[in-house]
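Asks: Here you go, one structure.
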Amino acid sequence: MLGLQRETSSMYKRTSSREYSPMVDVEDSSGVLENEVNNEMETTNPSWKCSLPHVLVATISSFLFGYHLGVVNEPLESISSDLGFSGDTLAEGLVVSVCLGGAFIGSLFSGGVADGFGRRRAFQLCALPMILGAFVSGVSNSLAVMLLGRFLVGTGMGLGPPVAALYVTEVSPAFVRGTYGSFIQIATCLGLMAALFIGIPVHNITGWWRVCFWLSTIPAALLALGMFLCAESPQWLFKQGKIAEAEAEFERLLGGSHVKTAMAELYKLDLDKTDEPDVVSLSELLYGRHSRVVFIGSTLFALQQLSGINAVFYFSSTVFKSAGVPSDLGNIFVGVSNLLGSVIAMVLMDKVGRKLLLLWSFIGMAVAMALQVGATSSYLPHFSALCLSVGGTLAFVLTFALGAGPVPGLLLPEIFPSRIRAKAMAFCMSVHWVINFFVGLLFLRLLERLGPRLLYSMFSTFCLMAVMFVKRNVIETKGKTLQEIEISLLAKP
């Protein structure tokens, strides 16, 4: 009997999901599956405790993302002095921004890696260049070696965020998926703040900047090792034809009583898509059946960056210095505002929904930018202008963290069909990094040419454009399973 069970289990693992479904009468089974999908799942939701440990391990990648974004801010002066390029603004800019080039490369490959190797292996592959790059940066004795280390770290940074968004979305129960998705933004904030606090002794301890890089290898190693204990995405396993393994992972994540409903929804989707090819091409993303949701995702990420969030981060130190606030304290204020907004978003995400948070977030950002524009007026007293400038900066960061920051990374894996989800996320994240790069590259030059009033007015206009775009194009996904969302989108013309 045991031998028969093993033989049956291995047969399931060798059979693809599309080859497996015809093993039963499709006409008879489709009616059963239809009824199972349309019925209420169960009188109670799955326990959130089952999936929480897996989500927490995955968000280590977001912590690392935030940490490496901020790790060179405080130590940059010491790094440039020790490596012999002090005063060379181009070299200093490269140390900061070379990660963006690596992140762009990493994001391009993230979809193929996540689909080809699975979500867990993708996390481990993300951790490897972060460990190696941090070590190389820490032992560097020249600018070239430092840039190599930063580029390696960047590839891991580009690979991590889309995979984290995919994984958290796919392993979370529908009723807490928004809350768990907010963990990604919170972990990023904590990484930024950790980099700030760890960098404080850099001016008093010689060579401390090397320690700042080396310390990041600890959470990266924890991510790589922790993924050995985490569940694989059931959706990915189902796509690979590993039916028994998908059921086992659903049981780990949702509990045994919810496995049948979850699997029935996957089968229903699989029956609806038997005519679609397995390989997802770029032309399909741009012009195919799902091109509209890819356009919505890409535009959301573009508007997120064109809102001016990174420009505000880059310029916040100058704003606080002009108000007589030390840059260290100003950075703490910005970090606390970011964290506070992310925590509020976590609480509200599954209560008010994604769309409403996005709308009010972009409206708040437009108002905050208007305060910044008002602060440039020559008719205001100096103290009033400083208050508007500082208040506008903190309000902008807070309202960004309420919706425009966390929602796109959560919403897009929800609305992308499972077959294109990884590749579509990779494409949208590539758009994100390209816009991010050009905003960082051109911000100071545009500030000199146009002045803060016109530039901040442009950012405010982009925020208002985002409000109109969200109102017209974004659907609400709160409380729905991924399969329910996909079925509803397939039903639309």
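Any Cβ shown, glycine's included, is placed from N, Cα and C.
TrEMBL entries are annotated by machine, without manual review.
On a predicted model such as this, the values are computed, not experimentally measured, just so you know.
Straight from TrEMBL, here's the annotation block:
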COMPBIAS  1-14  compositional bias 'Polar residues'
DOMAIN    54-478  domain 'Major facilitator superfamily (MFS) profile'
REGION    1-25  region 'Disordered'
TRANSMEM  51-70  transmembrane segment
TRANSMEM  90-110  transmembrane segment
TRANSMEM  122-141  transmembrane segment
TRANSMEM  147-168  transmembrane segment
TRANSMEM  180-202  transmembrane segment
TRANSMEM  208-230  transmembrane segment
TRANSMEM  293-317  transmembrane segment
TRANSMEM  329-349  transmembrane segment
TRANSMEM  356-377  transmembrane segment
TRANSMEM  383-412  transmembrane segment
TRANSMEM  424-447  transmembrane segment
TRANSMEM  453-470  transmembrane segment
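Situate these features within the shown structure.
Replies: Note on the domain 'Major facilitator superfamily (MFS) profile' (54-478): mean pLDDT across this stretch is 88.
When Cβ-Cβ distances below 8 Å are used as the criterion, the transmembrane segment (51-70) is approached by residues 99, 123, 126-127, 130, 134, 153-154, 156-157, 160-161, 163-164, 167-168, 171-173, 176, 180, 183-196, 199, 216, 219-220, 222-223, 226-227, 229-231, 253-254 of the same chain, each at least six residues removed from its ends.
Sequence-distant contacts of the transmembrane segment (90-110) (same chain, at least 6 residues past either end, Cβ-Cβ under 8 Å): 68-69, 72, 76, 79-80, 122, 126, 129, 143, 146-147, 150-163, 422, 425-426, 429-430, 432-434, 436-437, 440-441.
Counting residues 6+ beyond its ends, the transmembrane segment (180-202) has Cβ neighbours under 8 Å at 51-52, 55-56, 59-60, 62-71, 73-75, 78, 161, 164-165, 168-169, 172, 208-209, 211-212, 215, 328, 331-332, 335, 338-339, 342-343, 345-346, 349, 401, 405-406, 409-410 in the same chain.
With a cut-off of 8 Å between Cβ atoms, the residues of this chain six or more beyond the transmembrane segment (453-470) that come close are 299-300, 303-304, 306-308, 311, 355, 358-359, 362-363, 365-366, 369-370, 372-373, 376, 404, 446-447.
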Asks: Can you work out which residues elsewhere in the same chain, 6+ from the ends of the transmembrane segment (329-349), have a Cβ less than 8 Å from its Cβ atoms?
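Replies: Counting only partners 6 or more residues beyond its ends, the transmembrane segment (329-349) has Cβ contacts under 8 Å with 73, 178-179, 181-183, 185-186, 189-190, 192-193, 196, 313, 316-317, 319-321, 357, 393-394, 397-403, 405-407, 410, 478.
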Asks: Where else in the chain does the transmembrane segment (208-230) make close Cβ contacts, counting only residues six or more beyond its ends and a cut-off under 8 Å?
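Replies: Answer is 53-54, 57-58, 60-61, 63-64, 67-68, 71, 75, 78-79, 82, 120-121, 123-124, 126-128, 130-131, 134-135, 137-139, 149, 156, 195, 198-199, 201-202.
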Asks: Can you say which of 122-141, 147-168, 293-317, 383-412, 424-447 has the most Cβ pairs under 8 Å with the transmembrane segment (356-377)?
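Replies: It is 383-412 that shares the most Cβ pairs under 8 Å with the transmembrane segment (356-377).
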Asks: Quick one: do the transmembrane segment (293-317) and the transmembrane segment (147-168) reach 3+ CB pairs under 8 Å, ignoring pairs fewer than 6 apart in sequence?
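Replies: Answer no, regions not in contact.
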